[in-house]
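> The structure follows.
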Amino acid sequence: MSSQAPSFYLIDEEEHHHGPGASTALGFWIYLMSDALIFATLFATYGVLSTSYAGGPAPHQIFELPLVAINTGMLLLSSITFGMAAIETEAGRLRATQGWLAVTALFGAAFVGIELYEFATLIAEGATPQRSAFLSGFFALVGTHGLHVLCGLVWIGVTLVQIGQRGLTLDNRRRIMCLGMFWHLLDVVWIGVFTFVYLLGVLR
Amino acid sequence: MSDGHSGAAPHASRKGYLIGFALSVVLTAVPFWLVMTGVLGSVQGTAAAIVALAFVQIMVHTLFFLHVNAKSEGGWVLLTLIFTAVIVAIVVSGSLWIMYHLNSNMMPMTDMQ
């Protein structure tokens, strides 16, 4: 009886061969690609509006490149520390994973903090989102990215609680893998932001 | 979970992350240095250089941090990435192209204010 197993057991076995995280990884990757499309529309909007100053400030008058460079460094450092967390996760070392995740969160929090400081300075100078189409596009694009980083920070916090309670289980490893893809994609988007918004803006 | 077979996360090495990080630091520092010092002289040349460096850095991050390769998920990761890149290129370049021409063909508004 058991030798004539129904065919869906065979299919099930085939699925398990690829590991339980396999389909999740592809599904999450497709979500990330759709997120990239959101940023593409925001980049396109900013690109179209980037010279519509309406008599307000131009990029080279308000952007502080040293501040942006520090911010870029924070995000880059958080990427490599997340890489270390991923390696420790694969090696099954819980303490080291928690440590690297905490360091990643610190760099991420520094990034969000510096960005909020930059926004507060701009708004205090009168460069508010409602001042010109250029500034609307700027705050929409950079603000959406910052919001994503903030979501990533919440996610890291939740992950730390989860692995603190249950350790590096198969489910938690899969979650850390997805969080890693999310975090690294935000760094890729930031490359576009500092190049096309800040550096090209100051050059113009 | 990840012993040999093509599972979810490709086996990532410490060395791979460090190489990617070193390349990223250089590819970030150089464009900032070019713009802040203006060593190239021409604005057009600097703009072309930093856009080229940005594309190289995006490739570095995709390979070393996101671990995208032709084999992950039976090629679906790479295929969806290429599809997204095409859509992004169409959305961004198409918007800029059309809106630039619309702006050029508008009646000048400055005289009427």
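Positions of Cβ are set from backbone N, Cα and C atoms, glycine also.
Model, not experiment: these values are computed from the prediction.
From TrEMBL, here are the annotated features:
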- A:1-202: domain 'Heme-copper oxidase subunit III family profile' (DOMAIN)
- A:28-48: transmembrane segment (TRANSMEM)
- A:68-87: transmembrane segment (TRANSMEM)
- A:99-117: transmembrane segment (TRANSMEM)
- A:137-161: transmembrane segment (TRANSMEM)
- A:182-203: transmembrane segment (TRANSMEM)
> Could you give the residue numbers and ranges of same-chain residues that sit at least 6 residues beyond the transmembrane segment (A:137-161) on either side and whose C-beta is under 8 angstroms from one of its C-beta atoms?
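Same-chain contacts beyond the flanks: 35, 38-39, 42-43, 45-46, 48-50, 75, 98, 101-102, 104-105, 108-109, 111-112, 115-116, 119, 129, 172, 175-176, 179, 182-183, 186, 189-190, 193, 197.
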> Rank A:68-87, A:99-117, A:182-203 by Cβ pairs under 8 Å to the transmembrane segment (A:28-48) and hand me the top one.
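Going through each listed stretch, the top one turns out to be A:182-203.
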> When the pLDDT values for the domain 'Heme-copper oxidase subunit III family profile' (A:1-202) are averaged, what is the result?
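Average per-residue pLDDT within the domain 'Heme-copper oxidase subunit III family profile' (A:1-202): 91.
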